[in-house]
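Quick look at what TrEMBL lists:
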type	residues	note
ACT_SITE	His67	active site, proton acceptor
BINDING	Asp68, Val71, Gly73, Asp75, Ser77, Glu89	Ca(2+) 1 binding site
BINDING	Pro164	substrate binding site
BINDING	His194	heme b binding site
BINDING	Thr195, Asp239, Thr242	Ca(2+) 2 binding site
DOMAIN	26-244	domain 'Plant heme peroxidase family profile'
REGION	225-244	region 'Disordered'
Amino acid sequence: MVSLSRNLILAFLCVLLGFVCFSNAQLSDNFYGTSCRNLQTIVRNVMIQAVNREARLGASILRLFFHDCFVNGCDASILLDDTSTFTGEKNANPNRNSARGYEVIDTIKAQVEAACPNVVSCADILALAARQGTVLLGGPSWAVPLGRRDARTASQSAANTQIPAPSSSISTLLSMFSAKGLNARDMTALSGSHTIGQARCTTFRNRIYNDTNIDTQFAATRRAGCPASGGDTNLAPLDIQTPK
């Protein structure tokens, strides 16, 4: 079970990295080898502190990376705040009140800027943080190709329509992933990576109260923390056996 989860997570990141590799052949895992030599150390140290404080943040950063990459590629557009003249992706339906870990990326960025100003993109920091969080939770490591440019714009409408919903049917999921050039195997890898982290009651309430093809004991366990109404933000582990 553990090796399968690790293989799925590794496949998941290979899929995400493919989003970028196809669009920029000049990425390199040693892109900052001379311009910011302490980059990897800074990311690792901040992520160690974050995950030690709350293990869930490792999964949250991985999800943040996924939601960033699924909208116009891995360009850190999900990190952009709304302003009076700009609407970002943070408040799109798949991200509002659920995407988290922004403060961890902010901390890494601040420390990186202090070490090597105006050199490292937020997009690369997010990619490195996702890898480090996965490693700290017992998953695999991999070489992260670097050299991404940060987005100067974002698309809330694309985030609302292109990021798969937890209620999507298998046919809808296949169609949405196909639109990104991803097949059923890719979709399985990306979905399998959701076995770490926690889910809000609002995302699984219908399943535990209305579906019949569910283990009754498991449904009863989940109902204890997720009432039929209210408690939308109550959390439950996505994998009850290995929640971290």
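The first residue you see is number 1, and the count goes up from there.
Positions of Cβ are set from backbone N, Cα and C atoms, glycine also.
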How about long-range neighbours of the region 'Disordered' (225-244): same chain, 6 or more residues beyond its ends, C-beta under 8 Å?
1-2, 5, 55-56, 58, 97, 137, 194-202, 204-205, 208-209, 218
Quick one: which of these binding-site residues, Asp75, Ser77, Glu89, Pro164, Asp239, Thr242, have their CA within 10 A of His194 (heme b binding site)?
Asp239
Same chain only, sequence gap of 6 or more: which residues have a CB within under 8 Å of the CB of Val71 (Ca(2+) 1 binding site)?
Ser77, Ile78, Glu89, Ala154, Ser155, Ala158, Ala159, Gln162, Ile163
My understanding is the cutoff is Cβ-Cβ under 8 Å with a sequence separation of 6 or more in the same chain; which residues meet that for Asp239 (Ca(2+) 2 binding site)?
Thr195, Ile196
Validating a neighbour-count step here. Other CB atoms within 10 A of the CB of the residue listed as 'heme b binding site': how many?
18
Radius 10 Å, atoms counted are CB only; among the binding-site residues Asp68, Asp75, Glu89, which position scores highest?
Asp68
Determine which residues of the same chain, besides Asp68, Val71, Gly73, Asp75, Ser77, Glu89, have their CB within 8 A of the center of the CB atoms at the recorded Ca(2+) 1 site, and list them by sequence.
His67, Cys69, Phe70, Asn72, Cys74, Ala76, Ile78, Ala151, Ala154, Ser155, Ala159
Looking at the binding-site residues Thr195, Thr242, which one has the fewest other Cβ atoms within 10 Å of its own Cβ?
Thr242
Could you state the CA-to-CA distance between Gly73 (Ca(2+) 1 binding site) and His67 (active site, proton acceptor) to the nearest Å?
9
If you count CB neighbours within 10 Å, which one among the binding-site residues Gly73, Pro164 has the smallest count?
Pro164
Mind giving me a neighbour count for Ser77 (Ca(2+) 1 binding site)? Other Cβ atoms within 10 Å of its Cβ, every protein chain shown.
26
Proximal but sequence-remote residues of the same chain as the residue listed as 'active site, proton acceptor' (Cβ under 8 Å, at least 6 apart):
Ile78, Glu89, Pro94, Asn95, Ala99, Ala159, Ile163
